[in-house]
């Protein structure tokens, strides 16, 4: 449908932007869309799908959906209620008759089902009578500019369509893109004494529980290149979670890093001054659990992230706030369509951080009121729980790889959250949330399970196996992969103990232990070797299959090996073998918990 189809009616200038996010990227995209729509005098409301009253959808004038993808093409958890409501079979076909809407999806083409929730939502809304006014946008994390590579051109197209649907009122002009937008907040001086009365919002959030560190142990060899930790946390109250559930942790930036950053930004003298935050742009989000009164030191420690790789909008704000002509020229190049490749080479390819960019663009002076516009929020990090609450009551265990690497500029990097976790000592405390995962166990403990979890992908598999062993099930097969049997075989002694007690079948691939010149072995190779047994478990035993780990080539290779077993020993054609796996996924018997 085109804007001309709405010629008989004038579209309202009220616009609802609903986002569904796991890591915060869709929320940032929704904020960006709202800022641009404000330039053409649209009044936007930006809300998470789980905070919106779903019955009100039918009463909206215009909706923009911004939807991320998680797992193997699943919708974010915050969208599940809305999606289940839209899927109800008794909904009339004209429920959203002529309701204008648009969808922007966020995904990663490293995954097989790229932007799947956005595609399904687009089709479902259309089937219920809504009118898609703008071709669906699909942002790809693999694009040189990330999501921005598709978001910026899509928003430009959206604005043109919105102006056709609802021309500007008389006397109102489009706000030029180079005009500095209003800040989200105003920071007003406050008395230092008010800080003492400020309650930590995270502590009062009932979804987060006080966790005490019991153990923080390195489980890779001391001389191994990768530091992987086994962490144990205890709780005073009962904790309820299931295999596959997620621990949610808000990191705190290193005190040394924060101090250095404040010095570089010439903010040390005022870093501990108290100020009150007043939100003035309601169509823009703010970091979770943000206090009303705080200091710059606290903000850069807990609420905004100066170590993130910046997006394109960050460079637009630098352009607003630099006073140097050479910097303006360089920023104009970065922001031009012709400069996209140069921006990629300067920033994204080498993983240059916000902090490093600001050091180089030394004439940029960011007004304090724009802190939340320039710096992204410090996002919570999600970790698969590696334990069963039935074996470890009032306890959560994690298996976490410490993020350390060197960029193409040879600059060492450390993950903000894993650095925070790495220095935790027994008796230290933090707040931890628990989020429902996508993994479900068979209702019958006698049903076989096949767990495939190389590297730290073994975390949820350990949770599954502990739960199953506790329930008396011995039909458990684990495929684990790492580089070295003696250097990084996570929980190897536990698996051996289970094998000795005939509680699991354990198959491990050690890709770097073979002699030089011998083909490396990965988990998918072991599955191919075991094809006959795999089919016996899946085809005859009705086994459930779980895949967890990095989303690079592993999940696809594993599914190819499974399909090979179904084809060769199940007597299916190659096409039917793939359909067999698809049916398993639809039935919930094939579950992926992978990440990029």
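Cβ coordinates are placed from backbone N, Cα and C, and glycine is handled just like the others.
Those TrEMBL annotations? Automatic predictions, nothing curated.
Here is what TrEMBL records for this protein:
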BINDING   21, 22, 23, 24, 25, 26, 68, 69, 70, 71, 141  FMN binding site
BINDING   351, 381, 382, 383, 384, 415, 416, 417, 418, 595  FAD binding site
BINDING   456, 511, 512, 520, 521, 522, 523, 524  NADP(+) binding site
DOMAIN    15-159  domain 'Flavodoxin-like'
DOMAIN    206-442  domain 'FAD-binding FR-type'
Self-check item: Proximal residue to residue 21 (FMN binding site) among binding-site residues 351, 416, 520, 522 (C-alpha distance)
Solution: 416
Quiz item: From the Cα of residue 141 (FMN binding site) across to the Cα of residue 522 (NADP(+) binding site), what is the distance in angstrom?
Solution: 26
Self-check item: Closest of 70, 141, 351, 382 to residue 456 (NADP(+) binding site), Cα positions, binding-site residues only
Solution: 382
Self-check item: DSSP helix/strand/coil residue counts for the domain 'Flavodoxin-like' (15-159)
Solution: 57 helix, 33 strand, 55 coil
Quiz item: How long is the line from the C-alpha of residue 520 (NADP(+) binding site) to the C-alpha of residue 384 (FAD binding site), rounded to the nearest angstrom?
Solution: 28
Exercise. Please name which of the binding-site residues listed here, 23, 68, 511, 521, 523, is nearest in space to residue 416 (FAD binding site), Cα against Cα.
Key: 23
Self-check item: Reported mean pLDDT - the domain 'Flavodoxin-like' (15-159)
Solution: 93
Exercise. Output, ordered by sequence, the same-chain residues six or more apart from residue 382 (FAD binding site) with a CB under 8 Å from its CB, or 'none'.
Key: 22, 23, 246, 247, 248, 435
Quiz item: Taking the residues the record says bind FMN (21, 22, 23, 24, 25, 26, 68, 69, 70, 71, 141), how far apart in Å are the two Cα atoms that sit farthest from each other?
Solution: 15
Quiz item: Looking only at 416, 523, the binding-site residues on record, which one has the least crowded Cβ, with the fewest other Cβ atoms within 10 Å?
Solution: 416
Quiz item: For residue 512 (NADP(+) binding site), what residues in its own chain, 6 or more apart in sequence, show a Cβ-Cβ distance under 8 Å?
Solution: 483, 484, 520
Exercise. Could you state the whole-number distance in Å separating the C-alpha atoms of residue 511 (NADP(+) binding site) and residue 384 (FAD binding site)?
Key: 24
Quiz item: Say you check the Cα of residue 384 (FAD binding site) against those of the binding-site residues 25, 68, 70, 521, 523; which is nearest?
Solution: 70
Quiz prompt | Nonlocal residues around residue 25 (FMN binding site), in sequence order (Cβ under 8 Å, 6 or more apart) | solution = 68, 106, 147
